[in-house]
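Participant: Okay, here's the structure, questions in a sec.
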Amino acid sequence: MKRGKKAEEASADGENDAGSAAAKKTKKAKEPEAPVLYEDPPDKMTSKDGRDANMKITSWNVDGLRAWVKKKGLDWVREEDPDVLCLQETKCADKDLPADITSMPEYPHKYWAASDDKGGYSGVAMLCKTEPLKVTYGIGKEEHDKEGRVITAEFPNFYLVTTYVPNASRGLVRLDYRKTWDEDFRAYLTELDIQKPLVLCGDLNVAHQEIDLKNPKGNKKSAGFTPEEREGFSQLLLAGFSDSFRELYPEQTNAYTFWTYMMNSRAKNVGWRLDYFLLSSSLLPGLCDSKIRNKAMGSDHCPITLHLAV
């Protein structure tokens with residue numbers, strides 16, 4: 001998600017111009033407050049029911065695969081070493097995929113989805129160490145599938161779905177489309193869940209609650225925090241899926257996965273939590289940890305990692 005909203009930054013920085021001018025007349029300008037950062041705690045490798053994690057999945061909106069590869073994103077991936085790597089916003093047609101990633105021996109099974117209509121737009125990928133039983137693309141609806149937003153892999157004990165959810169866009173010009181997407185995507189996931197449990201990961205392009213972004217008051221009408229988008233996420237939870245991060249860290253503040261490039265937002269930790277792992281309820285007993293790797297650079301999003309016992 002790309003943003004550069006004056007309201008966001010103004011509310012981040014505190015006083016308005018008139019207020020700060022008056023303050024300067026009476027006292028020295030206040031020192032800027034130090035940003036409150038999020039420290040990703042040590043990984044928990046055991047589930048609530050006492051099993052050891054045996055599946056590690058990483059998801060990352062790379063904001064352009066070719067640029068991300070040049071920024072050494074693959075070095076971080078090799079260090080993290082997930083069993084499955086899911087990428088969003090690859091913005092790359094098959095013919096333009098960088099050899100650095102297509103030739104990776106660590107992930108012999110690689111799957112790509114790109115936008116049919118627009119080059120350099122949308123796109124998702126899934127790289128697996130172990131071959132899935134089956135891989136499908138899209139959700140079976142042409143209006144959504146032409147943008148290359150979903151890959152689903154079936155493994156013996158679960159489905160893994162990675163997605164790049166449509167952005168409602170500046171001025172909310174795609175909000176109506178987004179509402180249709182949310183409904184159709186939820187129906188797709190619910191059908192899958194009847195067959196076997198699933199893990200959903202990706203950039204869901206919504207901060208669900210006020211705790212999930214730095215400046216909720218200034219963003220009530222911004223893409224990613226409208227009542228309609230938040231309700232769409234709530235409906236997904238009501239359909240039987242759980243936000244793994246909030247399952248483990250319900251009160252954790254200042255934990256974000258996206259920061260606009262403008263106004264030094266990442267250094268100030270003026271961010272949004274837009275990237276998620278959602279789990280079917282039957283997988284929750286095997287949830288070990290849900291990580292936000294906010295020190296990893298290379299995109300305006302950071303990667304997230306799931307540890308699971310399946």
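Positions of Cβ are set from backbone N, Cα and C atoms, glycine also.
TrEMBL feature annotations, pasted as is:
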REGION    1-52  region 'Disordered'
COMPBIAS  41-52  compositional bias 'Basic and acidic residues'
DOMAIN    59-301  domain 'Endonuclease/exonuclease/phosphatase'
BINDING   ASN61, GLU89, ASP203, ASN205, ASP300, HIS301  Mg(2+) binding site
ACT_SITE  TYR164  active site
ACT_SITE  ASP203  active site, proton donor/acceptor
SITE      ASN205  site 'Transition state stabilizer'
SITE      ASP275  site 'Important for catalytic activity'
SITE      HIS301  site 'Interaction with DNA substrate'
ACT_SITE  HIS301  active site, proton acceptor
Participant: With helix taken as DSSP H, G or I, strand as E or B and everything else coil, how many residues of the compositional bias 'Basic and acidic residues' (41-52) land in each class?
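Facilitator: Helix/strand/coil tally for the compositional bias 'Basic and acidic residues' (41-52): 0 helix, 2 strand, 10 coil.
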Participant: Counting other Cβ atoms within 10 Å of each Cβ, which of the binding-site residues ASN61, ASN205 scores lowest?
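Facilitator: Selected from the binding-site residues ASN61, ASN205 on minimum Cβ neighbours within 10 Å: ASN205.
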Participant: Take the Cβ of HIS301 (Mg(2+) binding site) and count every other Cβ within 10 Å, whichever protein chain it belongs to.
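Facilitator: Taking every protein chain into account, the count is 25.
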Participant: Near TYR164 (active site), which residues of its own chain have a C-beta under 8 A away, given they sit six or more steps off in sequence?
Facilitator: ASN61, GLN88, GLU89, SER122, GLY123, VAL124, ARG149, GLY202, ASP203, ASN205
Participant: Please identify which of GLU89, ASP300 has the densest Cβ environment, defined as other Cβ atoms within 10 Å, among these binding-site residues.
Facilitator: GLU89
Participant: Using a 10 Å cut-off, grab the number of neighbouring Cβ atoms around the Cβ of ASP275 (site 'Important for catalytic activity'), all chains included.
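Facilitator: ASP275 (site 'Important for catalytic activity') is surrounded by 24 other Cβ atoms within 10 Å.
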Participant: Including all protein chains displayed, how many Cβ atoms other than that of ASP203 (Mg(2+) binding site) lie within 10 Å of its Cβ?
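Facilitator: By my count, 28.
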Participant: Would you mind reading off the Cα separation of ASP300 (Mg(2+) binding site) from ASP275 (site 'Important for catalytic activity'), to the nearest angstrom?
Facilitator: 12
Participant: What whole-number Å value do you get for the CA-CA distance of ASP275 (site 'Important for catalytic activity') and HIS301 (Mg(2+) binding site)?
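Facilitator: Their Cα atoms are separated by 8 Å.
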